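Working notes, beginning with the structure itself.
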């Protein structure tokens, strides 16, 4: 891995006025810069504009070269607002791509696309920085072994298991528990795998980013007393920022994650919220650069841009980056080029259901809609595969019977169907689980359930051994032993009431 040790501020290497240009034209967030003959910067080089605007305010804008126009001119996209820039202003070619701080110093902090801290907690140690543009790991470096990434969350591990070094799409609207699920995964990877997480907020609402940060501090994922003990680094490029920043913020987060994987040899969890906004920003930049749009107005380079980001998210022999990406589907059209291109890269999908959230079943992961390429007997083993399939069949049958139950009631069902409904309701409740990060809100201690325990619990429910237990005993418990203990407590309480 190429690490550039510098003592400069993040974002750009140490500035020496070797190669100077002048602004020739400004079109919104796009600048045309003229350089002396033979001194043209390379594509993706960072350019810095420093100076003062008309009212004497200090200006410091970083841009990235996107096109060489000919006649000693380049076209660059700004990473921050271009207000106050004027034609003729001096532009410094840094001679290298954007570089951002990496390593332990980034944990517990919030950064912008340039790797500058934006949380008012002082400067960050920038002795180790890394360029945001890198090629994907070579074939020989990849770890081709298929292994399950255990999350400790029953519904995920059993029905839609994550691949170590894989990519997972997280589908869900507002208020169904996406943030809590993300925080629990960050917490569990730190405890069970000794890993760290990087969160890339790509084109999201500033309010949501702030809420996530506050909730992480409240739940202990970010340790305010000892910031180095934190388990996550946050990188934000919000909705109000120029398209250049939103297009590159995902790469900034990925670069930080790659350092933990390649140098620290850790398992890393990379969250991208929202991957659609990455495509959207690329589409805006493409239009600003004057490229001919492709289908539905998207950029012609859509697949290439997506591929260059996604191919860097992988397992190597040193460690792994497992990525969880929130996917917004425009107008619920799964054939839209943006989500359709994303699906090609995903190993698993976790779909959050508003119906389950309304029932109070958390995590509200839909067991029938969520899928995984890992759920094959040769990967997970016969026992896991058989249990998952039987759980799905039971829940599917319950779904089919719900209309009959609503019209005619349970009594009109056959004995076999009544048994299926009873077991399905127990399974549905047993798929819920108390989270560590929700302890501060719910008061019930969080539970991490190993895969073997999860399979054992569902096998016992399916076998009929627990048919005599009340269904509320299975609600918000960890393993199956806790459910039987809860059933005994409920029985004792009922006897005392009588």
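All residue numbers here begin at 1 and follow the chain in the order shown.
Cβ atoms here come from the backbone N, Cα and C positions, even for glycine.
Feature list (source: Swiss-Prot):
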| type | residues | note |
| --- | --- | --- |
| BINDING | 172, 173, 174, 175, 176, 177, 178, 179 | ATP binding site |
* To do: Based on DSSP, name the secondary structure state of residue 173 (ATP binding site): helix, strand or coil.
  => coil
* Long-range same-chain neighbours of residue 179 (ATP binding site), Cβ under 8 Å, sequence gap at least 6? -> 208, 211, 212, 215
* Can you name the residues of this chain that are 6 or more positions from residue 176 (ATP binding site) yet have a C-beta less than 8 Å from its C-beta? -> 352, 353, 354, 357, 364
* To do: Would you mind ranking the binding-site residues 175, 177 by how many other Cβ atoms sit within 10 Å of each Cβ and giving me the lowest?
  => 175
* In the same chain, which residues outside the set 172, 173, 174, 175, 176, 177, 178, 179 have their CB within 8 A of the centroid of the CB atoms that define the ATP site? -> 352, 357, 364
* **Those residues of the chain, 6+ apart, with a Cβ under 8 Å from that of residue 178 (ATP binding site)** => 170, 172, 273, 326, 352
* Structure fact -> Note: among binding-site residues 172, 173, least Cβ-dense neighbourhood at 10 Å is 173
* Structure fact -> Counting every protein chain shown, other Cβ atoms within 10 Å of the Cβ of residue 174 (ATP binding site) number 8
